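K.L.:
To start, I am sharing the structure in question, which I have written as structure tokens.
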Amino acid sequence: MRCSMWWHVRQEKQLPLDFSRKHFIGGMRGEMPTPEANWERLVRAALRGERLGVGAFGQPVSGVAGNVPSCLANNTHIDDILRAADEIEDEDRNISRILCEHAYSLAQNLDPNSEGRGVLQFKTGLMSVIKQKLAKKDGGGIDRSQDIAYLQEFYKRYREKYKVDELHEDEMKLRESGVFSGNLGELEKKTVKRKKVFATLRVLGTVLEDLTREIAPDDAAKIISEEMKRVMEKDAAMTEDIIAYNIIPLDVPSIANVKAAISSLKCYTNLPKLPSDFPVPAARGADVLDLLQYVFGFQKDNVSNQREHVVHLLANEQSRFGSIIGSEPKIDETAVNSVFKKSLENYTKWCNYLPLQPMARELEVIMHQPIAQPANSCTSPDGVSFLGRVISPLYEVIAAEAANNDNGRAAHSAWRNYDDFNEFFWSLRCLKLNWPWNLSSPFFLKPNKKKMGLLSVGGGKHYGKTSFVEHRTFLHLYHSFHRLWIFLFMMFQGLTIIAFNGGKLNWKTIKQVLSLGPTYVVMKFIESVLDVLMMYGAYSTSRRSAVTRIFYRVLWFSVASFAVCYLYIKALQDGSNSAAFRIFVFIVGIYAAFKLFIGFLVRIPFCHHLTDLCYRWPVIRLVKWLHQEQFYVGRGMYERTTDYIKYVLFWLVIKPLVTPTKTIVNFKDLQYSWHDLVSRNNHNALTILSLWAPVFAIYLLDIHIFYTLMSAAYGFLLGARDRLGEIRSVEAVQRLFEKFPGAFMTNLHVVLPKRRQLSSSVQGVELNKFDAARFAPFWNKVVENLREEDYINNSERDLLILPKNSEILPMVQWPLFLLANKIFLARDIAAESKDLQADLWLKISRDDYMRYAVEECYHSVKVILFSVFENEGRLVKKIYENIEKSIKDTKLQLNFRLSNLQFVMSRISALTGILKGEESPNLLQGAVKAAQDLYEVVHHEILISNMGGEDIDDWNDILNARADGHLFSNLKWPKDPEMKALIKRLHALLTIKESAANVPRNLEARRRLQYFTNSLFMRMPAARPVSEMLSFSVFTPYYSEIVLYSLDELYKKNEDGISTLFYLQKIYPDEWKNFLSRIGRKEDTEDSELLDNPTDILELRFWASYRGQTLARTVRGMMYYRKALMLQSYLERITSEDGTIAGTENVTDIAEGFNLSPEARAQADLKFTYVVTCQIYGKQKEEQKPEAADIAMNEALRVAYIDIVETVKDGKPHTEYYSKLVKADIHGKDKEIYSIKLPGNPKLGEGKPENQNHAVIFTRGNALQTIDMNQDNYFEEALKMRNLLEEFHCDHGKHKPTILGVREHVFTGSVSSLALFMSNQETSFVTLGQRVLANPLKVRMHYGHPDVFDRVFHITRGGISKASRIINISEDIYAGFNSTLRQGNITHHEYIQVGKGRDVGLNQIALFEGKVAGGNGEQVLSRDVYRLGQLFDFFRMMSFYVTTVGFYFCTMLTVLTVYIFLYGKTYLALSGIGEAIQIRADILQNTALDAALNTQFLFQIGVFTAVPMILGFILEYGCCQLHNNAAAALLSVFHIFSWNKDTLFWQNNSPWGGFVVRHIKFAENYRLYSRSHFVKGLEVVLLLVIFLAYGYNSGGAISYILLSVSSWIMAISWLFAPYLFNPSGFEWQKTVEDFRDWTNWLFYRGGIGVKGEESWEAWWDEELAHIHTLRGRILETIVSCRFFIFQYGVVYKLQASGTDTSLTVYGWSWIVLAALFVFTFSNKAWVNFQLPLRLIQSITLLMALAGLAVAIAVTDLSVKDIFACILAFVPTGWGILCIAVAWKPLVKKMRLWKSVRSLARLFDAGMGMFIFVPVAMFSWFPFVSTFQTRLLFNQAFSRGLEISLILAGNNPNSEI
């Protein structure tokens, strides 16, 4: 039965509330009213459709069995019963009816009132389906009194039909007969069949037992005999491996290590006994976890989950200490201690920190009792519940705090986040909460609810923050890294002093350098004051020692700064011989010596170790307290001395402005061209500031520039040392291929004794053959996976396959792509050679693979002919003896005609061409004829002299047989698989004439093979056997992204008619052809032809999805781990001690069927688990969304999700949340494994980390790899996973590794140039950048997936993700912070890589990088960054700064430097002071002053920041590849555009993938980049124009170009990059449509419900939303005042102003501006007098123009002045506008808001036209669009794709 139903149909009439099974039976007899006719009709339609097996859209239908409501899912029997009914419907409809009715009864008992979500629909639909499908056709009643008897009888028939007694026995016999090749497929079928049969029997038995409980016991005894009960019990015992379990069946384990682990958990005699009524499975027996469950009231599934977790850890730990032997295995005590210490290490450290003794007093008391008792702390009137009594109260407080964060808009300081609650338990204060909880404690006080969007601060007490307060201020940057800023400022001060003293180190210089003392103490005083301010809000909850230390420091540095400053000033006044000077020098010297001494001590490892051991001593704690605040985290973050020296050496590797500054200070009577207000009598301070400001900014940037250059150079050298980039071409792969087997056996294969023996001997050929034979199955699986992924075709696969290399040939057989065409080249050399035999062989041997081809052909022909010819074998033997004798006597050319070898080769190829087929009479006759022809050629064309002598009789027999036509008539047809493979290979060698130098042709296949083979030579830990390797899980968070492309998504077209499928076909043309070939279609098959076959449709969807950023691609890639482990385990198990591989004598592929081996599967499952955490999976299932259906379950995939169950509690709606784990059952459906009730909604913070945190408990193993859903993996990389996991036990410094960094390959780089830029940028960071961060700097963090975590370390220290709202928006990096603070070690490894998808459109990239930059801005506020900045040593802190928050700060500073430089130039130009100084410099011939006035910086910065990417590209791809990259021309544009984007998001602390071929409309780009880029770009343009118009350069135009070229590039990039990178951005038709769309958007009025995408007014209001605080309004006003400098300076430059520099000129400019404003915006007041208004405006305009013409003709006003006024008034208007919007409430009260909005619209219209006009002009020329498309899609062009035609709409698939 397939119980289908339509879930969106609602039943209007509800069922009675007490609708039990009896009511149901009555209803079926006609007592219940029939459903509505519409419902019946829909049910019948569904039934008709399901009989066809498909739904309305050609998709397989899903039944009621798969749609049990979540609130009924706690009783999983319902689903099992319905599935069993579905299976046996065709066998017995009556039994199916009984099962369905019982399922209905269970549902009714669970929810009699149908209050749960979906229950009513489920029960109604089930009833209707039963009535339609299961009622008797004759319409008579159904006798249910015989249901039990029918069920019992069917049980017997079912057992007999499937021969249940023989099933298990047959399977065991087959399992014991061998697990190789042929038997594995049959074994798999029998295992699946047995599981399904026993699963059905289990359901039948359960239903039978339930039904007998409803009747009297005596009647039940009569119906079910004792024998029948015994049979059912026996069958039930056989279902141990079909009972729901996660990884390993704990009830009846089959693996020795698992058995031992389970036995170690059993309850012993000295433990309290459990009550007799406590349910414990008989097969397992009670254990300590059962005891804990009973005592504390843990949830059953929670305990089951932890039981498996502990057993899994113990079993895997035991495997590393050796295998267990015996019938009653016992686990090694060392393994138990190892797991125990690691699991409780954090708890032990916490106890030592407080300090306390480990305590569990309540449990200790219970342990001493004979009978276990529930714990009082968890007991309530409702029962014993740890969740209700311990977890829920804590959750409720956290939830209340989270609810008051105003969705992240409230200040972090106003509510407690996860860190505050976590850190509360670091101190002894947590013990005041008592046990059980003292709920009256202030800690459990809930904050007041929000009122009017604000947090209420009155009416109740709010418990404060803990230890740290995240105030939103940039002062955090100084507070966290104060040592760096002190160093920078003091260094700048010292260098300046030395420079102003001419570089001379005399007594005067020394006295001035001593001023560093006061600077130091003053800056320390500022830091101490910040300590006080930043802790505001946490004083009441902080430790007394911490608060005392803060105020002690303020007091100390207040006194110290006052005293030191006073002494220094007094010393300057009294001279160097005074007492004040001596006291000052003494104090500074003593303090400096003390700091140096302490710094030296803390670098001695022995001192650190000693203080850690003596940490409980009060003296030690006091000294540490004085040195720095001691937190629970952050202690012991020192490294080994060698590592310390390395990162110190990394960092240990002004003067030009001094002379100009002195000169300018001494200039008197400089003439200003404007009314000077601030520069009189201050030594030209503003001029000096305009020169020094950009220099000081560059000085602050120098640390970043230095790091960029040093890290690039050091990373390049590290990569070269690690042998990266040694194999970067197919030619290199072919050249070095013969070294691959040896490297593979050394690094990726377990050690074999025979290989060690061969390595120590001189048996080189045997060693090579041995290595090749074991390398072959792995290499071949890599090749086969490339074929399955459609990167290569069948022909390339055959060429790449490495033969088995058995003992049949005395040499190594290499893949055909190395030997192709080589035999023909050797033949030609031999035929044309006149040299001696030795010289001929030397020529051939110059090419190793040519020599291998000749030798293999020689030996292969010999073996084949000996095998085929029985009677004539002596002829072959004789010929070969003569050949070998001739070779030995160097007479080969004398005895054989080598020039006729081509005839021999043609005859042999003809013979092998026949023999490779299956035997038939015709082929046998043809083979005889071919053999005779071969004999004729050899006898007459090759042999120079007849072979006679002692074998004359044999030759005569052969001649007679030839004459009679019987020669070779007894040919033996080859049937051995290995011989057949040899014949096929020889035939290929003799027929492939084309070179295979370009195999494989696909670029991705080449890249993967190149990287894999290159990694074989890199340093990595030795591989341990799979049974001994560390176990691990892969963890993928998923929400609602695409799982698998649907047909609609593939065929959906954009505005150009381009579908995703069509785009993929053109981007990946070779892969599309390979795909068609794989599914048995011709290469020219249209994709529409595939729609006729459901299998082909599914294959098409998979093909497309595997080329996008989909979950399907990620799951496939991660499941390669399991595939690799099964292959490795299988081959290790069948490989004997001497290295031979047993059981593979008759197979060509020794790895054939490895995935069917039960032992290999079990081992892989024990070592690997994959969990996809999709928090809304349950909701998607209920709503039947395709995302839930597309998550294809398999035996190794687990899905964790949040199930929301709606019930009624105490008459009120109640929602419960469950964290659930499901896996595939034997039917391929999801089966619930664990269901753990949560205290409430788990999503209190950021979605992704909360999604990970709820599911991390379901992961297993020692390690955990976090994988994002846009990632991919490769089979060949999965082979190296066990090597990577061994890094956890390698020496990487003082601390053991806790996170293993893994290299990423960005696979979206070939989609477009933008994608390429993003790929190169990302690759540079994830390879070269992280390489240096890990070694030598020791500051690599977790920057996202796919790093591998030490799972036990992290789940015992808070998990892998912090989830507090907004502050943890970049959750990944906090895992690195947490690991480092807790004495972890993060490494980086590049011999293994994982694929990664990145954004490919500019807008996508902008949003993603904005999220990253905004997240980094939040990090500045965090306690993690503060503690790392405080607790790292100085050099490590400096490394941490420049690679995290310092990177974005320096990016912002780079942009600000441009502004500082240009505004300085603008000041010099408008004030006239620049020209005056330049003239004096020319007169005085002061070259230093001239150089200072003509310096520019940005160009050098841009070059330096690109160095890492360039060096990384050269290292891995070579200089030639870099030179050939045409798109590099746009690289600078992309990066300059990104600078400002990162700056904006970082400043604002604000908060991603697929294929982008869509044209982005002009208005959309304008909305996204207007305020972030366009406004700033136009401001830079304005500054450059002002500098051009009024600046003075002695060098003329050349000097101006050199000074401003980099700024012009930056401005143009900011303005036009979005349109340059926009597909079809310069196509005329698109430009016209964009202009129309933009104008419609610009002039469309906003209103309620109108979005910013629809109206300019709505968008403008959204843009102003961020200014809502008084501080923000004041800052916006101050910053906007800069725009008024333009008007002030320009009006004095007007010709009409003459030499007048009074303020009157400036005043008249404001009068003119006001008049323009009144004229332009006065229409609002004349709204009811439109006609007079237009008339007056027209007259006024004509009069103004006339007056302007007269003024130009009569007065000094010129046309140039008119344009100058525009330059003056435009920025002034923008400044007024910015101030007006900042004070929006005030402007609205003044009733000027409409005018302000009109002014804003005018400015946006002007900005838009300024940008749009150049775009439109370029669109006039068609070649511009073509050229742009060529640059954007350069990778596609290299593959022959005409993207320009595609984007123009020339789509050949348009008719589909």
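Cβ coordinates come from backbone N, Cα and C, glycine included.
TrEMBL annotations: computationally assigned, not manually curated.
Quick caveat, the model's predicted, so the values are computed rather than measured.
TrEMBL lists 359-438 with the feature domain '1,3-beta-glucan synthase component FKS1-like'. The annotation transmembrane segment is assigned in TrEMBL to 481-500, 550-569, 581-602, 685-718, 1440-1462, 1574-1592, 1598-1621, 1703-1721, 1733-1755, 1761-1782, 1802-1823.
Locate each feature and note its surroundings.
P.N.:
The average pLDDT the prediction assigns to the domain '1,3-beta-glucan synthase component FKS1-like' (359-438) is 87.
Sequence-distant neighbours of the transmembrane segment (481-500) (same chain, 6+ residues past either end, Cβ-Cβ under 8 Å): 509, 512-513, 515-516, 519-520, 523-524, 526-527, 530, 654-655, 658, 662, 696, 699-700, 703, 1429, 1434, 1437-1438, 1441, 1445-1446.
Long-range contacts of the transmembrane segment (581-602) within the same chain: residues 514, 517, 563-564, 567-568, 570-571, 574-575, 608, 627, 638, 1433, each at least 6 residues beyond the stretch ends and with a Cβ under 8 Å from a Cβ of the stretch.
Taking Cβ pairs closer than 8 Å, the transmembrane segment (1574-1592) reaches residues 1455, 1458-1459, 1462-1463, 1465-1466, 1468-1470, 1474-1475, 1478, 1540, 1566, 1600, 1604, 1607-1608, 1610-1615, 1686, 1689-1690, 1693, 1764, 1767, 1770-1771, 1807, 1810-1811 in its own chain, all 6 or more past its ends.
Away from its own ends, the transmembrane segment (1761-1782) comes close to residues 1579, 1582, 1585-1586, 1589, 1664, 1667, 1672-1673, 1676-1677, 1679-1684, 1686-1687, 1690-1691, 1693-1696, 1709, 1712-1713, 1716, 1748, 1792, 1796, 1799-1800, 1803 of its chain (Cβ-Cβ under 8 Å, at least six residues beyond either end).
Long-range contacts of the transmembrane segment (1802-1823) within the same chain, counting only residues at least 6 positions beyond its ends with a Cβ under 8 Å from a Cβ of the stretch, are 1562, 1566, 1570, 1574-1575, 1578, 1615-1616, 1619, 1625-1628, 1630-1631, 1634-1635, 1638, 1642, 1656, 1660, 1720, 1773-1774, 1777.
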K.L.:
Grab the same-chain neighbours of the transmembrane segment (550-569) for me: Cβ-Cβ under 8 Å, and only residues 6 or more beyond its ends, written as numbers and ranges.
P.N.:
514-515, 517-518, 521-522, 524-525, 527-529, 531-532, 535, 580-581, 583-584, 587-588
K.L.:
Per DSSP, what is the residue tally for the domain '1,3-beta-glucan synthase component FKS1-like' (359-438) in helix, strand and coil?
P.N.:
47 helix, 5 strand, 28 coil
